[in-house]
Amino acid sequence: VLSPDDKKHVKAAWGKVGEHAGEYGAEALERMFLSFPTTKTYFPHFNLSHGSDQVKGHGKKVADALTLAVGHVDDMPHALSKLSDLHAHKLRVDPVNFKLLSHCLLVTLAAHLPAEFTPAVHASLDKFLASVSTVLTSKYR
């Protein structure tokens, strides 16, 4: 459960991401594909090379979903319901992949926002991404 301080940290950090959200989303995906090559199996039709339009496009989708989650942090299950359905029933993404992408997002944010990425912000973002992952996997049961 996110505390009031966690929510404050997440909103402030995501506010700093701002217009770079899509770029950071794509970078996190590239990190995931390089660090965890088995994740590529969910994107057989993508050009996964550095800077590809498909990776950039999906990175923007990831960032947009996180922006939605930040904006509805008190009601993420409702806000992310359609996305949860998509990943559980159509795409059938193994839930472990959300943890891998979350890790890569944290690394990306730490690299781009070193001054803002304090231990408290890191912990809050980690809890937030874990909450998003829980919501996205809630319909797998």
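Here the Cβ of each residue, glycine as well, is placed from N, Cα and C on the backbone.
Going by Swiss-Prot, these are the annotated features:
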BINDING   His58  O2 binding site
BINDING   His87  heme b binding site
DOMAIN    1-141  domain 'Globin'
MOD_RES   Ser3  phosphoserine
MOD_RES   Lys11  N6-succinyllysine
MOD_RES   Lys16  N6-succinyllysine
MOD_RES   Lys16  N6-acetyllysine
MOD_RES   Tyr24  phosphotyrosine
MOD_RES   Ser35  phosphoserine
MOD_RES   Ser49  phosphoserine
MOD_RES   Ser124  phosphoserine
MOD_RES   Ser131  phosphoserine
MOD_RES   Thr134  phosphothreonine
MOD_RES   Thr137  phosphothreonine
MOD_RES   Ser138  phosphoserine
(request) Mind checking which of Ser3, Thr134 has the fewest other CB atoms within 10 A of its CB? They're the modified residues. (result) Ser3
(request) Given the modified residues Tyr24, Ser35, Ser49, Thr137, state which is nearest to Ser131 (phosphoserine) when distance is taken between Cα atoms. (result) Thr137
(message) Taking the Cβ of each of the recorded positions and counting other Cβ atoms inside 10 Å, which one has the highest number: Lys11, Lys16, His87?
(response) His87
(message) Long-range neighbours only, meaning 6 or more apart in sequence with Cβ under 8 Å: which ones does Ser49 (phosphoserine) have?
(response) Val55
(request) Check each residue in the chain of Ser124 (phosphoserine) that is at least six apart in sequence and keep those whose C-beta is under 8 Å from its C-beta; list them in sequence order. (result) Leu2, Asp5, Asp6, Lys7, His9, Val10, Ala13
(message) So, three-state DSSP: helix, strand or coil for Ser3 (phosphoserine)?
(response) coil
(request) Taking the Cβ of Ser138 (phosphoserine) as the centre, count every other Cβ atom within 10 Å, in any protein chain shown. (result) 15
(message) Of the recorded positions Lys11, Lys16, Ser35, His58, His87, which one has its Cα closest to the Cα of Ser138 (phosphoserine)?
(response) His87
(request) Specify the secondary structure state of Ser49 (phosphoserine) as given by DSSP, simplified to three classes. (result) coil
(request) Among the modified residues listed here (Ser35, Ser131, Thr137), identify the one with the smallest other-Cβ count within 10 Å. (result) Ser35
